[in-house]
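*Asks:* This structure is in structure tokens; I'll ask about it shortly.
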Amino acid sequence: MLHLPQQWFARIQHGGIANQFFMALMVTIPVLNFGMLMGWQSPMTPILQSEDGPAPEPITDETISWMASVTFFPPIFCGFLVGDLADRWGRKTTTMLTSLMLVISWSITLFSLRPWALIASRAVAGLACAGCYVVTPLYLKEVASDNIRGALGSLFILSQNLGYLVVYIAGDFFSFAAVMWLCTAIPVLHLFVFLAMPETPVFLVKQGKLKEARAALAWLRHTTVDDKNLEEEIQVMEREEEYARTMKKASWKSIVQDKTTFKAFRIAVNVMLSQETCGYLVVLMYAGSIFEQASESISLKLSPNKQTIVVGVIQLLGSIVASCIVEKTGRKWLLAVTSFATGLSMLALGGWFYITSKSIWLPAWLPVVAMCLCIFSDAAGYQPVPYVITSELFSFQHRGMVTSFVSSVDALSDFLQTKAYDPLLKLLGIHWVFILFSLVCFIGTLYTVLYVPETKDRTVEEIYAILDGRQKEKRKDVETGNEMSRL
């Protein structure tokens, strides 16, 4: 029994798993803080709208609405810029800039709680949002070994959901000022600590800094710079970079004209759009109402803050499950199963609200169970897996471009959803809104089963061979006529 801790420690050190997970945790701290920023509005809105609250004047519903939606406006236009910065300045520098934007955002709110300041703070946070959603998946992909690539990739959503839960709990137990200082301190500390973290080996090779690339990769793999396997991995990166230099600069033309690359691009956009338009945001917005209606007939009387904590716990549990099983189940079937489960729960919610609107009695625990299943399923696969798939579908020549584009499309979708939610609710009724979202989930499930390839433990080269229906691992580039190696 005494040897068990030693065996466990040796296992996580083998291949640098412990170092890679530590690196992934450091990379995702801005995402955690962004989750705190997004979740902060839930427990703090009643305080900001109170007559005796910390704001100079009670904050109106219109201001709260703009605070919720304006965060997603800058990423619509800045996604491409962040992707370009990540390719020019490096993943590390861009991640630190993301933390700096978060520091500025929180500092504005510390300085003033007037409506203009609250909205401006959220607009600056939108720049951090672009950084989180573009550079973090790239960083995680480029530091991870193939055997834990999916687990590290799923930490992206896990960190965001942990941020939600942390601020929900902090909002329930601490004062308004204490929560503000806690939220500000995290990105400030991250800025200083992250200075000691390495750049990704892929980017260092791209910059011709081979010595630094070997050192970074040796630390990530917990080995020496003279290790034979390490040298082979560096040589693969060098060959990829040498080939990239012989090509014309990666462009949208090269993506569109290459049939297989364009097919991968369509898959990435479709799985991300399905994820973003599945109605998850609406479920979170309507969680309080569902708890309230359930409390009328069952013993479930929770304060609004306690309700958000329950939601946060379910989100976090789902994210933990995703990190634990994504390498065992594979990406495709985890995405298909969780999107189908999310669709079923949406359909159950829509059905419950429609039937009860006709004055027909149904048990009040049903929407609570459906809501919990929806939140859990979404966090356990429907949210994190598309990010993993998107990062695995492209070589690094196109990865930054595509991730930036997808991030901008996602931000536009979130912005439109948060602004259109109330008008849509009044026009159709909550039951039809949920039923429409369930259809989106089912269409996403069908698309995943029919068109999305399994990317687990496969190189980009092998994935593209599956996409174009051939087993050859080399193809001709449409612009140069040269054979391509997609590692």
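Here the Cβ of each residue, glycine as well, is placed from N, Cα and C on the backbone.
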*Asks:* Quick test of your reading of TrEMBL: among 119-140, 405-426, where does it put transmembrane segment?
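*Replies:* It is 119-140 that TrEMBL describes as transmembrane segment.
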*Asks:* In TrEMBL, one of 152-170, 361-379 is tagged transmembrane segment. Which stretch would that be?
*Replies:* 152-170
*Asks:* Return the average pLDDT for the domain 'Major facilitator superfamily (MFS) profile' (19-456) as a whole number.
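*Replies:* On average, pLDDT over the domain 'Major facilitator superfamily (MFS) profile' (19-456) sits at 86.
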*Asks:* Name the range, of those listed as 63-82, 152-170, 267-288, 308-326, that has the largest tally of Cβ pairs under 8 Å with the transmembrane segment (430-452).
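*Replies:* Answer is 267-288, with the largest number of Cβ pairs below 8 Å.
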*Asks:* Looking at the stretches 21-43, 94-113, 333-355, which one shares the most CB pairs under 8 Å with the transmembrane segment (152-170)?
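*Replies:* It is 21-43 that shares the most Cβ pairs under 8 Å with the transmembrane segment (152-170).
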*Asks:* Going through 94-113, 176-197, 308-326 one by one, which has the most CB pairs that fall under 8 Å from the transmembrane segment (267-288)?
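*Replies:* Going through each listed stretch, the top one turns out to be 308-326.
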*Asks:* So which residues does the transmembrane segment (119-140) touch in its own chain, when a touch means Cβ under 8 Å and the partner is 6 or more beyond its ends?
*Replies:* 24, 27-28, 30-31, 34, 37, 63, 66-67, 70-75, 78-79, 81-83, 86, 91, 94-95, 97-99, 101-102, 104-106, 108-109, 152-153, 155-156, 160, 200, 387-388, 390-391, 399-400, 403-404, 407, 410-411
*Asks:* For the transmembrane segment (176-197) and the transmembrane segment (308-326), does the number of C-beta pairs under 8 Å, pairs 6 or more apart in sequence, reach 3 or more?
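*Replies:* Contact between the transmembrane segment (308-326) and the transmembrane segment (176-197): absent, because fewer than 3 Cβ pairs are under 8 Å.
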